[in-house]
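First up is the structure itself, then whatever we jot down about it.
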Amino acid sequence: MAIRSSLLPLALLVLAAASSAAVAQLEIGFYSKTCPDAEKIVGEEMAKIIAAAPSLAGPLLRLHFHDCFVRGCDASVLLESTDGNVAEKDAKPNKSLRGFGSVERVKAKLEAACPGIVSCADVLTLMSRDAVVLAKGPFWPVALGRRDGRMSSATEASNELPPASGDVPLLAKIFASKGLDLKDLVVLSGAHTLRTAHCPSFADRLYNTTGENGAYGVVDPSLDSEYADKLRLKCKSVDDRTMLSEMDPGSFKTFDTSYYRHVAKRRGLFRSDSALLLDATTMDYVQRIATGKFDSEFFRDFSESMIKMGDVGVLTGAGGEIRKKCYAPN
């Protein structure tokens, strides 16, 4: 199954990908001679994975995000901890990551067809794109040629990943350190349309906020009160780890613009979602996309921002290695 979408002007995205990739020495069709069926293999396996577990689309996209924000898009998030090193995947912000087995499954298919050719970093980048397409989102061309890193640090992950509690100035600073701007921030937040979250990620908004009069334990006033009441029924305490909440209720298996409608109604689950309404630039974008009249614009914007993010800090040429197994260096 070849994964495609007719929703976007593909030629424009090819130009965007080529421009972004020029700096990083990535190429469209990088494996055309060494593993010509690489994208087809990834696409076919992803179609099977998402057909069996549609809710995995969001976690696989999130894996790519968390990889690129620490050491760049080098598949370091996939490495296992060792006796002498605690890896990224075991950092507190990454404890809820899922989809590692699916990455190994796709990598094994590629190793069987083209041993030692396709990097885990490229596998994860392609899988995240295909996850979006299979969730009825946009297609974009992926420039390839990333190589895999050999190092992975939980400390770096804890320090560098954008926090769910972050405000726009903090998040903008983190994004800027990766070469991403304010528009990328509000656009890539749209990936939350496919996300779910455990209570500890947001329950402080329900129980631990300090009110204007100094009262402690009130509901975050930036959160819609009816929505907060529903969340409190699910999350009985800040430490409740049993319940999952959809970040785009009723539509979390479909990539669409309804996330922005929730945010515009003050129903963003994380503080970082609600914070988008406190900055003029991000608020304008949220309210525009929330109208439902600019879905194709958001799809195009998201594709362009994903191309930019996929180029962050990549290893190319003689850098890094091509892992045989994504969970361990060679």
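Even glycines carry a Cβ here, placed using N, Cα and C.
For reference, TrEMBL has these:
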- H66: active site, proton acceptor (ACT_SITE)
- H192: heme b binding site (BINDING)
- C35-C114: disulfide bond (DISULFID)
- C68-C73: disulfide bond (DISULFID)
- C120-C326: disulfide bond (DISULFID)
- C199-C235: disulfide bond (DISULFID)
- 25-330: domain 'Plant heme peroxidase family profile' (DOMAIN)
Inter-residue C-alpha distance, C68 (disulfide bond) and C120 (disulfide bond) (nearest angstrom): 13
Residue with minimal Cβ packing [other Cβ atoms within 10 Å] among the recorded positions H66, H192: H66
Nearest recorded site to C114 (disulfide bond) by CA-CA distance, among disulfide-bonded residues C73, C120, C235, C326: C120
Intrachain C-beta neighbours of C326 (disulfide bond), sequence separation six or more, cut-off 8 angstroms: A75, L78, L79, F100, V103, E104, K107, C120, V123, L124, D148
Pairwise Cα distance for H66 (active site, proton acceptor)/C235 (disulfide bond) [Å, integer]: 25
C235 (disulfide bond) and C73 (disulfide bond), Cα-Cα, nearest whole angstrom: 34
Under 8 Å by Cβ from C199 (disulfide bond), same chain, sequence gap 6 or more: K234, C235, S237, V238, D239, D240, R241, T242, M243, S245
Inter-residue C-alpha distance, C35 (disulfide bond) and H192 (heme b binding site) (nearest angstrom): 33
Site with most surrounding Cβ atoms, counting all protein chains shown within 10 Å, from the disulfide-bonded residues C73, C235: C73
Residue, out of the disulfide-bonded residues C35, C68, C114, C120, whose Cβ gathers the largest set of other Cβ atoms within 10 Å: C120
Per-residue pLDDT averaged over the domain 'Plant heme peroxidase family profile' (25-330), given as an integer: 94
